[in-house]
Every structure is written in C-alpha cells, then in structure tokens.
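Per Swiss-Prot, the feature active site maps to Lys103. Taken from Swiss-Prot, the feature Mn(2+) binding site covers Asp119, Asp121, His257.
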Amino acid sequence: MAPEINTKLTVPVHSATGGEKRAYVTFLAGTGDYVKGVVGLAKGLRKAKSKYPLVVAVLPDVPEDHRKQLVDQGCVVKEIEPVYPPENQTEFAMAYYVINYSKLRIWEFVEYNKMIYLDGDIQVFDNIDHLFDLPNGQFYAVMDCFCEKTWSHSPQYKIGYCQQCPDKVTWPEAKLGPKPPLYFNAGMFVYEPNLSTYHNLLETVKIVPPTLFAEQDFLNMYFKDIYKPIPPVYNLVLAMLWRHPENIELDQVKVVHYCAAGAKPWRFTGEEENMDREDIKMLVKKWWDIYNDESLDYKNVVIGDSHKKQQTLQQFIEALSEAGALQYVKAPSAA
C-alpha cells in the first residue's frame, strides 16, 4: 500500500513565542553562479511574506562580492568550514555532491530553535511558515522519486519500483529482502538545530562509507527512524511532472525544486530532455519574474531625525524581533 501522506498538512495554529527563534537556511559554495539561485530564493520568501530570515551558510571560497549581494538582500551570512567524507573511490551521481556534506554544519546553528533548509535551486511560491509549527522531535521532508536515470544503480530503478506509486510494482521481498525505508529528497527539510546531534553527525560521517547521493543518502540513513513525509507541494522535484503527474496539482505547489538536468532558471536553454515542456517553461518564467522584480529587493529602514520616525522605527524593530527576523552583529571596537 502507498504510504499515508495527508495531501493537506494540518499543523497547530500559533506563532513563535517565549523567545523561540526560527529561520530558513540554505547553503552556498564556490565562485559560480549559484548565488543567483540564493538571491532568487531570498526574494521569493519575501514575496511569500515569510516572517523569518534566510540564513546562508557559506564556505570560505564564496567571494566577498557574492556575500555582499546576499547581505544586500537581507540574508544572514554565516561562514562554515567544509565537511569531507572519508577518502574513497565512490563516484558520486554528480561530482559536486561531495561538497554537500558541509550542509551538516547547519545543525550547529543552535541560536535558532527550528529551521527549514532549502537548496539554492529552490523557489518558494507560497508561504510555508506554518511548517515551523510541526511537532518537534521529527525530521520532515518530501519523498523522492526513483524513476530518473540518476537512480539506475539502485534495485528500485532496475525493477521499476518507486515509492511514489508503490502499488504499481510489488517489491520482491523473497528476492531482494525487506522493502527499503521511505527515502526523502534532502533539498528541503524541517529540522531542529542541536549540538549533540551536530557532533554525532560529524562523528558518524567519518565512519560511514560515502554513497552515490552523498549527504542525501547519509541523512536518510541517520534520520530514518524519525523521518515523517510531508506532501510533495513542499518540494516539487521536477521529474514528478513527467513521472508521476497523477500525484501533482501544479496550482497547489508551494515550493519548486529546479534540480532536473537543465532546469536551473539562470542557466536554462530548454535544450535538455524534458525542458521543452510547457509546464517547465512556465515554472522557469515564474522564477525569473521574482528574480527580476526590483520591488522585492530588501529595503533597509532609514533612520529619520524626528521623534515620530524614531517611534516608528522602534515599533518596526520590535516586530522583527518578535518574528525572529532581526540579527544583531557586534561592531568592532574603535579603541
């Protein structure tokens, strides 16, 4: 039978209180053009009227001008050190996957009670702040699809089995053993930063042999006992549009993951397989509409000299503080 996933997620209706701090977080490495994706994500969250900031975990090789672009878009930029798996002969499904182990550093961000991780090639088209209200103690993410060629190494792909339609092909337990546990796409997940978890993740990654999908496989292994699936509207992997269209209502999708080959909007040519589809071109256009919308650029509050303006500014700061959106950075001493 198919796993039970409510198509409409029900969460408690309440706001963060009692000093609870929440934030979105993404990851950026290198000098390439992925910074465009993160800028687009920051603007998308702003258009969706999210109450919470976007933290960008950057590796030391991210250049200063890219960091400035992110700060100018209201992001909280936090430098992290790389995390590498044990040396091995594994060929990752994509060569750049190896650097993604550095995402494990985000469990160290304990100044926040709860965070939602989003890859830099994701866009948020509707408010998802309610996901912060999901019960604590679980790891929430959207199930992945096994039907693309990048999964050709797996027994699932070889027998035509996919957890998105588990009744279509019966898992042959007699031949392959127990059915694999549910497997999530690690481009989006809801989690709780925790130093104990953080240190254990780093210790565990030292002894677990790397696999083709790098940190995604690792996180699936590590959190398999507390993983709770959430509906695909919170992380639409584009392959779902041609592999499992019966599972997708495109007008209900809140988060789109441009992870298919050729799908990155800032590199899009439409020449790769499936990229000439009208729904794909529409989603790429929607991304560009947000990226190019100057009204969505972050705007600093200008301090005026009147008492009234100062009162308004103070109210604005208090509102941001309550929402967990204000970051205080100590200035260096002039002494």
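One-based numbering along the chain as shown.
Backbone N, Cα and C atoms are what each Cβ position is placed from, and that goes for glycine too.
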(request) Between Asp121 (Mn(2+) binding site) and Lys103 (active site), find the distance joining the two CA atoms and give it rounded to the nearest Å. (result) 15
(request) Report, in whole Å, the straight Cα-to-Cα distance of His257 (Mn(2+) binding site) from the residue listed as 'active site'. (result) 17
(message) Please list, in sequence order, the residues in the chain of Asp119 (Mn(2+) binding site) that are at least six apart in sequence and whose C-beta is under 8 Å away from its C-beta.
(response) Thr26, Phe27, Gly187, Met188, His257, Cys259
